[in-house]
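Residues or ranges marked as transmembrane segment by TrEMBL: B:6-34, B:55-74, B:80-105, B:117-137, B:157-182, B:202-222, B:234-253, B:260-279, B:299-327.
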Amino acid sequence: MEFDTVMVSRLITAMTLIFHIVFATLGVGVPLFISLAELIGIKKKDNHYILLAKRWSRGFVITVAIGVVTGTAIALQLSLVWPNFMQLAGNVIALPLFMEVFAFFFEAIFLGIYLYTWDRFKGKYTHWLISLPVVFGAGISAVFITTVNSFMNSPDGFTMDNGEFAAVNPIEAMLNPSAPTRIAHVLGGSYLTVAAILATIAAIALLRKKGAASYHKKALKMTVASIFIFSVLTAIAGDLSAKYLAEHQPEKLAAAEWHFETEENADLVLFGWLNEENEVVGEIRLPGFLSFLAHGNFASEVTGLEATPEDERPPLWVHYMFDLMVSIGMFLIGISLLYLLLSKFKRWNVHKNWMLWLLAISGPLAMLAVEFGWVYAEVGRQPWILRGYMTVDEAATSSPYIVHMFFMFLLLYIVLGTLFAITLRKLFKDNPAEVELEKHYPELREGETK
Amino acid sequence: MSYELIGISVLWLFLYGYIIVASVDFGAGFFAFYAKVTKREHVVNKLISRYLSPVWEVTNVFLVFFIVGIVGFFPDTAYYYGSALLVPASFALVLIAIRGSFYAFENYGSKQSNVYMFLYGATGLLIPAALSVAFTLSEGGFISEANGVVSLDHWKLFTSGLNWSIVALAIVSILFISASFLTYYASRANDQPALQLVRKWALFWATPTIIMALTTMIALSQNNERHYNNMLDLWWIFGLSVAFFLLSLALLYMGKNYGLAFIAVMLQFFFAFFGYGMAQYPYLLDPYIHIASSVTNESMAIALIAAFIGGLLMLVPSLILLMRLFLFDADYAKGKK
Ligand code: HDD
Ligand code: HEM
Ligand code: HEM
């Protein structure tokens, strides 16, 4: 590996995005659950849910702040680090980027109003209504940004004329072939991840047995049910993503599956490693399943990596990224289903320690799946930045100072990450749920023993 | 009107909007720190944090909007400014990140530490300093392109009188704008001790603002004669700007109509900013980016303008709601809600 400006440019982008996506995912999903909790609280007249919404939104403020500053960094870095890419692609993808900013604007305004007006309105539902534009704004901004990323994978909506884009159709560019599946998968994955993170919080609180048990159990029930719904939806969308890949970007799927030669009834390869002759060893083989993943038919033909010129093949280690993501997805479906089934048996206590531990790790695992998924999607696109039109080498900045900037941003993210953890800890440790319940809703005390 | 003219007018309007709202925010950071050092924080800091906490994100989006918009309308700006500004813009980004996290970590987390207050105050001055470098670059002579590589002459920039006077102008303007806004806000909140203090600050920073504006004019005449001569041709716009400046000064001095005084300050900067921009027309970067040749294709321009109109229809009512709830709700400003 050579550390030239191109490599460092890639690293700085990867670093910023990997850091940003944690907060972006929370930013897309948390508003939905805040809104749900407040709605349930109003409907059931149960202040436990209102307190849930309040406490989640208090933590949310801090994640939003970091999402905003790192997102601002990306918005600028796209031009600073990839000036040639933006000069070319800006002609086609400016529209969704522009609309995304409007969505942020909209979301930011209503979030500000929501946070500071808990007790200012007379109508029961007025404050809840303000959460809807926040949920909508967060979701739609994810949609817009995802169309940009889809465009990089399956460029559409223009013709090439002397190295410049001509006959540009911005709407067609947004609705490029990979956009629909990818949007569904990204949104589903975000809601899933946030449900899992919130379940993790509740599970840990129950494990520590500090009190307010019925409050945390309500949170757990609501979030685990959501994990189940969204993990199934995400898996379906992911399956559709793979079918898109098989058709439009076969080299990415082939690299992920170590599928070197085109064949019918292709096997799905799980884990394993490559020996010196580039043969797969130690793997788990699911016969015919790759054909099924690619085309929904066990007999169908799947294009192998040989069909792609050697210098246009993505690195083979993306295999592990793909496998890890899918495994985590399966784990989340399994654990949430198990919880829901067991909770149907009245005599069985679902809140056994092993169950709580498994739920406690689902949040971090889901976040890892998001990271693995993105790394797979982005690295699997190599060497292209704009598949078929521009390579990463051609797109990067020529400034030698990029190395210094890399270390400056690395330091910044370390500081931000540390302060983030410290602040969240302080915020909730100094004011745990049981204390706040006692203070604001003393009437709820009985029933605590359940 | 041609697409590029609509595009640049809209973007310039947003940049102006950012300058006003961000100035209030940046200046407030400095004043909060200054008040803390001079042990007067109990007088003003409550006022400052009450206004700022709900709106800082909105301020930030103004900046992102301008950047995304200019790259969208004029993709060449990504190439030239993107390549040249790597270092100063990255510095600005780090500072913005520190400042943004201030709100999260201090206001929602724990008590206000001195270190963070210092960073908060210092970034309020350093961010505009770093961002205003872009204005210097647009005058030409600092960025050059050879063999397809765009480079910035960092040393020339560092030793340029024009650059330093633009930076100084940015800083004093921010303090002036911010102090006059806080004066108005204090009068709405009917907080007499705070009002007297911030009014003094506003009066104080008026003089350096006008001095730096003149100094910058002189430095500009030596750097970019075309721009300078165009500005002289637009003398009446700058005349209006000065007239509003005098009006605001008079009102602040007499101690009445603070709302009108702040509007006059806004108009002062509106005319100065648009006069400056119109005189720079038709270059976005002298001589590399000519507005007409760098504009994006027609269908994208139409799409962006349509999106812009649609976006405004959504935003304006929401912004009005935000302002009614926080800015113009006298009970909120007074701290009763
Ligand atoms: C899955 C969704 C997703 C993805 C893939 C990205 N973002 Fe993001 N971004 C969000 C979802 C999000 C968000 C959750 O909506 C944030 C977090 C906090 C917020 O207000 O919006 C956000 C914040 C955020 C901001 C700050 C907005 C503000 O000032 O309020 C900017 C400028 C960007 N992002 C830009 C980008 C760019 C240029 C990306 C691509 C390279 C990107 N984001 C990837
Ligand atoms: C949705 C909008 C996105 C855009 C426009 C975008 C754009 C880019 C660009 C320009 C690069 C550099 C070129 C390259 O090396 O391939 C890149 C690389 C990368 N991006 Fe994305 N990205 C997006 C989303 C994401 C997200 C959300 C992640 C999640 C963390 C991500 C992870 C990465 C990684 C890991 C790399 C480095 C790949 C490598 O090693 O080359 N991307 N992306
Ligand atoms: C359970 C089965 C799953 C399957 C079959 C699956 C499939 C896929 C495929 C094929 C891609 C590549 C799409 C492309 O590059 O064009 C992808 C990307 C991605 N996955 Fe998954 N996935 C699954 C689970 C998950 C889970 C649980 C998460 C996170 C909670 C997740 C998050 C992501 C993300 C963020 C991307 C990158 C965005 C994109 O390119 O679509 N996936 N997934």
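Just so it is clear, glycine is given a Cβ too, placed from its N, Cα and C backbone atoms.
As a quick check, the transmembrane segment (B:260-279) and the transmembrane segment (B:299-327) miss the bar of 3 or more Cβ pairs under 8 A, pairs 6 or more apart, so the two do not touch. Annotation: stretch B:299-327 has the most Cβ pairs under 8 Å to the transmembrane segment (B:55-74), among B:117-137, B:157-182, B:299-327. Contact count against the transmembrane segment (B:6-34) (Cβ pairs under 8 Å) is highest for B:157-182, out of B:80-105, B:157-182, B:234-253.
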